[in-house]
Amino acid sequence: MYLSVVVPCFNEDESIPLLVERLAQAIAPWADRAEIILVDDGSDDETWAAMEVASAQVPQLRGLRLSANRGHQVALTAGLEAARGERIFMLDADLQDPPEILPDMMAMMDRGYDVVYGRRAERKGETLFKRLTAHLFYRFLNVLSDVAIPKDTGDFRLVSRRSLDAVLGMPERSRFIRGMFAWAGYRQVGLEYVRDARVAGVTKYPFRAMLRFATDALTGFSTKPLKIATRLSFVSLLVTVFMSVYVFGSLVMFNTAPGWASMLLAISFFSGIQLLTLGILGEYVGRLYMESKQRPLYFLSQETGVPTQLQQGSDPVVTSVVTEPSSTSKAS
Ligand code: UDP
Ligand code: MG
């Protein structure tokens, strides 16, 4: 197998027919040595049915269905673990990332790169708020993080087998895949592209999901927030020095130390700081706890389009457990 395409899909039934059509065209030059893996991330619309229909039409297509919604990064991981290609191409199901860029990425990889990531030169059909927060996020992350994570990129990229194996060797639960590739190293290069609007449906990243994603990225790639407590303690020391000068000054000059207002302010200021640092600490402790449970990242409930000899001959997957279709229910 030469080329694997991996697409996580959550409630994307409207996009899938066009997605599969455009992907089948994009992989045409390598059609006899390629596979397309669509991962249904526990959708509650007709995504799985659309995958079954598509897999009857496109022989390279494999569908994997997760037992429940596990989120974009885990769904992508499930597809990456199933991929058998020497080169692995990943993109979103909504066709915001054009599959037609694949030949250019392949040509870049021929020149010896291990990771060719798409860099968003322009984002169409996204709100100003989303563009602004995304812009700030990548810059903020780079200030805090110890690894240089390419700015304005997503998971849209072509990667080599060895860089994928490096990433799959990281069993962490809070997965920030683009950062994990950056951390793994190897030769990387960006390719600019224009990010289109969604072909159908709505974004699966409302503000709350974006926030969670951003905290995963920050805590996964930096421990600097933990040092914030130490830094803030210097601030509080400094404020205390100024306040004592003021208090002693007014005691000496006016024989009184007025200021229930300043006391109230000081109390709220420092309790704010304490709660903030506690919260940051809690964020890391909670993550430690979740990681320590070592639960599998996902379960597969159904597969489609897998040739039988491949099913038997494939390697056991580390973080996934395959269950029988009948033994899982989608009721949640
Ligand atoms: N996605 C997923 N599981 C989720 C949320 C999203 O598999 O819980 C998929 C989604 O189907 C899409 C990709 O992740 O293929 C990116 O999501 P989306 O396009 O909604 O994000 P945006 O482009 O708006 O940031
Ligand atoms: Mg999208």
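Just so you know, glycine gets a Cβ as well, placed from its N, Cα and C.
Per TrEMBL, the feature compositional bias 'Low complexity' maps to 316-332.
For 4-167, the entry in TrEMBL reads domain 'Glycosyltransferase 2-like'.
The region 'Disordered' annotation in TrEMBL covers 310-332.
Summarising the annotation, TrEMBL assigns transmembrane segment to 232-254 (among others).
Here the transmembrane segment (260-285) has long-range neighbours at 215, 219, 223, 225-226, 228-229, 232, 235-236, 239, 243, meaning same-chain residues at least 6 beyond its ends whose C-beta is under 8 angstroms from one of its own. Positions annotated as transmembrane segment by TrEMBL: 260-285 (among others).
Long-range contacts of the transmembrane segment (232-254) within its own chain (CB-CB distance under 8 A, at least 6 residues past either end) are made by residues 262, 266, 269-270, 273, 276-277.
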